[in-house]
Amino acid sequence: MKIGHQFHTVALVGRSNTPGIAEPLASLAACIAKRGFEVVFEADTAQALGSTGYPALTPAEIGARADVAVVLGGDGTMLGIGRQLAPYKTPLIGINHGRLGFITDIPASDMQEVVPMMLAGSYEREERTLLEARIVRNNEPIYHALAFNDVVVNRSGFSGMAELRVSVDGRFMYNQRSDGLIVATPTGSTAYALSSQGPILHPQLQGIVLVPIAPHALSNRPIVLPDDSKIAIQIIGGRDVNVNFDMQSFTALELNDTIEVRRSKHTVPFLHPVGYSYYATLRKKLHWNEHPSNEEDDE
């Protein structure tokens, strides 16, 4: 068993628009408070649930006051609060109340048993990297954003291919005609990048992966770069091109706009139950190691 720091103040964050989430959140809050921990709620979560009987704090207030945030929802909920709490180094515990759950790894059915043990110091800790991006137009930055999973440049559904000029560390890599380009962290390598035939990067691997989306030339392949790389993507052709960050914020781009992407100085601490295995998560979520059907055996 790995014993870490015991926490005192615990923030609860939920996917507030999800039906049926109020009861498990209230139950978890009572379970944690009963064991002597101070409980606070993220403000939007508290507002959606109505009166919780606990203090309601903004993400900035959680960062300043809470020792740890427990997130009940899907991966999207974890991504959103992770970006907001990244400057404060607030550790996150993820409880899966969504569908896939690559980064919310505790089943909701186990939370009342597992979470109190973790809050008491029995957990495994890892740091996850983020990307920071800015859009430059006419030599002036017009937009900044953090991304936990990925920065995605893509065309709209009814426009033609985007034409992109990609440089790394000031050196020209290629011009690409495609539906877009994904710049992903190791965490994001199991998201959109994976569905576009990108490689899986272990979360502790120091890398950034570039994955073309439906490229015109079959020779355009994914590439893994060192995570200190500085990536520049210039729009040199196409129309209705957009950029999104974790699929949660979107910005329209113009011809000659440049998206500059690099590793953020911030990392997000993830806490896992003792015995956590990333490979077990992959095996379960991607259905690895499943046996052939009996029908195949009978042939």
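Each Cβ is built from the backbone N, Cα and C atoms, and glycine gets one as well.
Swiss-Prot lists D75 with the feature active site, proton acceptor, giving sequence analysis as the kind of evidence. Around the Cβ of D75 (active site, proton acceptor), 24 further Cβ atoms fall within 10 Å across all displayed protein chains.
Residues annotated as NAD(+) binding site in Swiss-Prot: D75, G76, N149, D150, R177, D179, T190, A191, Y192, A193, L194, S195, A214, Q248. Counting every protein chain shown, the Cβ of Y192 (NAD(+) binding site) has 21 other Cβ atoms within 10 Å.
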Neighbour-count leader, CB within 10 A, binding-site residues: N149, T190: N149
D75 (active site, proton acceptor) and Y192 (NAD(+) binding site), Cα-Cα, nearest whole angstrom: 13
N149 (NAD(+) binding site) versus D75 (active site, proton acceptor) - Cα distance in angstrom: 10
Residue among the binding-site residues L194, A214 whose Cβ has the most other Cβ atoms within 10 Å: L194
DSSP three-state assignment for N149 (NAD(+) binding site): coil
